[in-house]
Amino acid sequence: MQFESPIKRRKSRQIMVGDVAVGGDAPITIQSMTNTETTDVEATVAQIERIQMAGADIVRVSVPSMDAAEAFGAIRKRVSIPLVADIHFDYRIALRVADLGVDCLRINPGNIGREKRILAVVDKARDLNIPIRIGVNAGSLEKDLQTKYGEPTPDALVESALRHVEILDKYDFQNFKVSVKASDVFMAVAAYRKLATQIEQPLHLGITEAGGLRGGTVKSSVGLGMLLMDGIGDTIRVSLAADPVEEVKVGWDILKSLKLRSKGINFIACPSCSRQNFDVIKTMNELEMRLEDITTPLDVAVIGCVVNGPGEAKEVDVGLAGGTPKNLVYVNGVPSQKFEQENLVDSLEQLIRKQAAEKEAKEKDIIAKV
């Protein structure tokens with residue numbers, strides 16, 4: 001029997017980033033960020049489309065100059081996914097992309113400048129109903145906070161965030177979310193936990209500059225997992241020095257592992273040993289690659305022998321338990337058929353696609369009857 005998620009999410013206000021709800025009772029959204037030159041419109045559009053295909057809900061784009069702002073306007077016209085403009089130093093860039101159709105403005109309290117500049121951004125955002133993200137980062141805290149604390153700390157991150165929350169409150173602007181990111185897992189977790197008790201706005205989670213594909217995945221999974229288990233977090237971004245598509249995949253895997261969202265196939269597979277009756281690792285790699293396009297939630301077990309195979313296979317939609325001379329396949333917990341070693345992956349792929357299509361059709365039929 002599969003356990004239900006025990007997580008009770010923190011109550012937060014809901015904002016809209018384009019047509020995507022963030023906070024409140026909305027699903028936790030997944031973001032990524034382009035790493036192309038924004039002025040290269042073709043490359044940036046192509047990457048955004050790949051990120052969207054991978055399952056992202058929102059994409060952030062760095063806008064470091066006015067030339068990039070104009071390019072952002074061209075990009076905005078060519079993609080359908082909500083776009084966040086990442087703004088540093090020059091508040092005038094925020095004003096320009098607001099006019100060009102941005103769905104959310106990320107500003108950094110550590111470098112956006114005086115309150116007068118923030119007010120200009122707030123006024124523009126209010127006029128056009130654009131949400132703002134107050135994006136605090138341990139690597140770019142305000143100079144006075146660096147002096148006060150000596151080094152980045154959870155308290156410093158939270159103080160920076162609250163300072164700018166107070167500014168937005170003063171001007172009666174509530175259409176915003178907040179992040180307090182650090183590359184240190186414990187610092188980020190402590191900061192988010194403290195901030196979560198002091199504001200009601202949505203929280204954007206991330207472990208900043210987490211590292212490469214393997215190390216960054218581990219750090220992000222540990223840090224974000226701790227917070228999400230606490231019920232903290234309304235949108236997440238996994239920061240990896242890797243293809244942004246990988247960020248989306250990891251983000252989905254984190255949410256799926258905590259049963260906070262479902263999409264595509266949840267594979268359960270043994271690490272393989274000398275008892276395996278087929279090549280588990282090769283089979284898994286093939287199936288993951290071939291079935292990436294399936295979005296219907298489905299649990300699939302691939303177990304190499306009869307020790308744990310039947311037990312795992314009974315708990316999933318499609319289960320494979322290795323055997324000799326044939327491998328036993330379960331469908332919806334019931335033994336269904338046996339597959340030869342030859343063409344094992346082809347046979348499994350065909351069966352999984354059939355089950356996914358049937359499940360999708362049933363869900364559509366239920367919705368149609370409601």
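Keep in mind that glycine also has a Cβ here, set from the backbone N, Cα and C atoms.
According to Swiss-Prot, the features are:
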- C270, C273, C305, E312: [4Fe-4S] cluster binding site (BINDING)
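Distribution of Swiss-Prot features across the structure.
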{"residue": "C270", "record": "[4Fe-4S] cluster binding site", "Cβ contacts under 8 Å, 6 or more apart": "Q276, V280, V302, I303, G304, C305, N308, G309"}
{"residue": "C273", "record": "[4Fe-4S] cluster binding site", "Cβ contacts under 8 Å, 6 or more apart": "G304, C305"}
{"residue": "E312", "record": "[4Fe-4S] cluster binding site", "Cβ contacts under 8 Å, 6 or more apart": "I268, A301, I303, G319, A321"}
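In the three-state DSSP classification, E312 ([4Fe-4S] cluster binding site) falls within a helix. Reduced to three states, the DSSP call for C305 ([4Fe-4S] cluster binding site) is coil.
In the shown protein chains, 21 other C-beta atoms lie within 10 A of the C-beta of C305 ([4Fe-4S] cluster binding site).
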